[in-house]
Amino acid sequence: MGSNSSPPTVLQLCYENVTGSCVKTPYSPGSRVILYAVFGFGAVLAVFGNLMVMISILHFKQLHSPTNFLIASLACADFGVGISVMPFSMVRSIESCWYFGRSFCTFHTCCDVAFCYSSLFHLSFISIDRYIAVTDPLVYPTKFTVSVSGICIGVSWILPLVYSGAVFYTGVYDDGLEELSSALNCVGGCQVVVNQNWVLIDFLSFLIPTLVMIILYGNIFLVARQQAKKIENIGSKTESSSESYKARVARRERKAAKTLGITVVAFMISWLPYSIDSLVDAFMGFITPAYIYEICVWCAYYNSAMNPLIYALFYPWFKKAIKVIMSGQVFKNSSATMNLFSEQI
């Protein structure tokens, strides 16, 4: 008599014949190809897009300004995500296994957190920079100098690196969750379980600077509207050369603030789902399905690839710089002093 029972499902492991190996839950071949293409494209764009930003700002002397140095340093953080975080997370997300060892798992997690906070710090300082530039454009050059920008860059790197290293290399992040962490700590896994205290600290560390940036940019656009009305009034009268100069400077700073404001909004939208999900998981017993978690993670990662696209859309100088770099003209001795702006202010 034939049996109607189906054959037992073969359990796939990350490491066959290894005791304590994690269970592998692979996608179908078609899905894997699509996911590798999508995630790989994000990583490539993050690496090469941000590399273009760094080369443009550091090579062309016309772009050597306090704001642009902050943008170049922000691009460096996003470049770090693209080259040291996204490729390995891509394999982990698609294969559902970590094949790079326990030590590199810790290093990878540190880089992930450090680059995220570095981006947040850079954007916070850029918001302050834009606030001063728009509210007081003529005094701004004496307030936000290259030296001040250098200090901001130093803080934006040192604090996140020290914080992430101290948290993940000392093991304080899973205090009170040792049993759960041990249960998830199978061979081929890189699952970091963070306790409620550190998740709350992380969430507040994201929320407070975000609220400050929202307030600053809200004030920036209120001031910008007032300045626009003044410029209209000046335009309807006989304007002096001094008033004309002030109007052009104010217009330039508002345009820069708008572009960088879009960058800040993109960061908030990208990272907010992950921040909320982490908070909910910590206080609700890690209830988020794996696929929801992966979507939140990759929305955050993709932010590192978005900034160069934003600059390309709103900064004519960046598009011109890319053409010079890609055409090989950048290797000419005179390229560093090339004019990238269509109009001078």
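Any Cβ shown, glycine's included, is placed from N, Cα and C.
For reference, Swiss-Prot has these:
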| type | residues | note |
| --- | --- | --- |
| CARBOHYD | N17 | N-linked glycosylation site |
| REGION | 174-187 | region 'Extracellular Loop 2 (ECL2)' |
| TOPO_DOM | 1-32 | topological domain 'Extracellular' |
| TOPO_DOM | 54-68 | topological domain 'Cytoplasmic' |
| TOPO_DOM | 90-107 | topological domain 'Extracellular' |
| TOPO_DOM | 129-147 | topological domain 'Cytoplasmic' |
| TOPO_DOM | 169-202 | topological domain 'Extracellular' |
| TOPO_DOM | 224-259 | topological domain 'Cytoplasmic' |
| TOPO_DOM | 277-282 | topological domain 'Extracellular' |
| TOPO_DOM | 303-345 | topological domain 'Cytoplasmic' |
| TRANSMEM | 33-53 | transmembrane segment |
| TRANSMEM | 69-89 | transmembrane segment |
| TRANSMEM | 108-128 | transmembrane segment |
| TRANSMEM | 148-168 | transmembrane segment |
| TRANSMEM | 203-223 | transmembrane segment |
| TRANSMEM | 260-276 | transmembrane segment |
| TRANSMEM | 283-302 | transmembrane segment |
Counting Cβ pairs under 8 Å that are 6 or more apart in sequence, does the total for the transmembrane segment (108-128) and the transmembrane segment (260-276) reach three or more?
yes
Tell me which residues of the chain lie with their Cβ under 8 angstroms from that of the residue listed as 'N-linked glycosylation site', as long as they are six or more apart in sequence?
none
Surrounding residues of the transmembrane segment (148-168) on its own chain - C-beta under 8 Å, 6+ positions past either end:
66-67, 69-70, 73, 77, 106, 109-111, 113-118, 121-122, 125, 129, 192, 198
What same-chain residues lie close to the transmembrane segment (283-302): Cβ under 8 Å, and 6 or more beyond its ends?
39, 42, 46, 81, 85-86, 89, 93, 116, 180, 193, 196, 199, 270-271, 273-274, 277
Contact set, same chain, for the topological domain 'Extracellular' (90-107): CB under 8 Å, 6 or more residues outside the stretch:
14, 22, 24-27, 32, 35-36, 39-40, 43, 168-169, 188-190, 294, 297-298
For the topological domain 'Cytoplasmic' (54-68), what's the mean pLDDT in this predicted model?
94
Residues of the parent chain within Cβ reach of the topological domain 'Extracellular' (277-282), under 8 Å, 6 or more residues beyond its termini:
194-196, 199-200, 202-203, 288, 292-293, 296
Within the same chain, where does the topological domain 'Cytoplasmic' (303-345) have neighbours whose Cβ lies under 8 angstroms from its own Cβ atoms, ignoring anything closer than 6 residues to its ends? I mean 6 or more beyond.
42-43, 45-46, 49-50, 52-53, 55-56, 59-63, 71, 74-75, 77-79, 81-82, 86, 115, 119, 245, 248-249, 252, 258-259, 262-263, 266-267, 270-271
In the topological domain 'Extracellular' (90-107), how many residues does DSSP put in helix, strand and coil?
12 helix, 0 strand, 6 coil
